[in-house]
Amino acid sequence: MGEITACLLASTFNNYVLPYLVHIHSRHLKWEAFKSNHNKNYTSEEEHDYRMRNFFKKLDYIETHNDLHAKGQVKHTLNINKFADHTKEEVHDKYCGYKRGDLDKLEIKKVPYTLGSTNELPTNFDLRDYDYVTPVRDQGSCGACWAFSAMSALECLLMKERGSVNHLSEQWLIDCSDMNCSGGWMASAYDFMMSKEAVVEDKSYPYTAAEAETCHNFSNNVNTSITGVCMIEPYNEAMLMHAVYTKGCICVALNGSPDDFHHYESGVYTNYKDCDPNTMTHAATLCGFGTTQDGVKYWLLKNSWGTDWGEEGYVRVGRENNTCGITTAPSCPLIS
């Protein structure tokens, strides 16, 4: 009887307890690796435990999602990144800062985009192939996505028109306009640049990922002037494709709040259910479009969450059904 009991206990341990212990140990190894990889330091044991609980919730969520991807049920994969110890609400509050204002109150000239022939449009188009797109930046925990979108599109236009450009200053916009780390929008950024008759380089006004109490002295060291903003008709996919093909990078607003957008790793993001196209919380830069080998149409967006996010800082978002609101409010700068 004792031998039978011992065998049953050994079987239970090997089949149930040991795999569970291995699973728990594996999760804690991932937690330790996450803290090391992202230089996470917490001020108290309470905060450490709170962040650890968030991490394990995100880990379960990501593993479940990637299982669905392996079964062919979703088009994109997720990964553990710097946001893994944050709640969805915390990421939204710190990193999503698109706040659209009243366009009629801006003095800048608004020029409607005119659609030309779409017969010339290729199936796949990527402005990076022409060296028009400047490197991906990291806005840090400052809701200045609007400034990065505005400057990235302007840099792209200058590269396309003149062949070279130095990195432009997002910090100048944050400190010196009436917008800041709490939010803003791209058309208002161009209106500010036009009013100051200035465009400032990052080397003259470097990025700090925080708001200064006052606007520092700066030099207008870019020989260009903002003359207007080109407004692309909302919800017009063909016009937006034509605009990025002929004009260059386009400023876009989108819903950047879903958990799986925060943890996007690769593939085409097609979360039609959670990414409400009527909720604009984030800003990015449209750099191209394409169709995958299995026929999934997408927009190519440059984000401002660093190169360790997504596909080296980029995300492909489904091009149909106005996924995440990409076609809702596109615009681009006009220069002299």
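Even glycines carry a Cβ here, placed using N, Cα and C.
As recorded in TrEMBL:
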DOMAIN    31-91  domain 'Cathepsin propeptide inhibitor'
DOMAIN    121-334  domain 'Peptidase C1A papain C-terminal'
For the domain 'Peptidase C1A papain C-terminal' (121-334), provide the mean pLDDT of the predicted model. 96
Using DSSP, what's the helix, strand and coil tally for the domain 'Cathepsin propeptide inhibitor' (31-91)? 37 helix, 3 strand, 21 coil
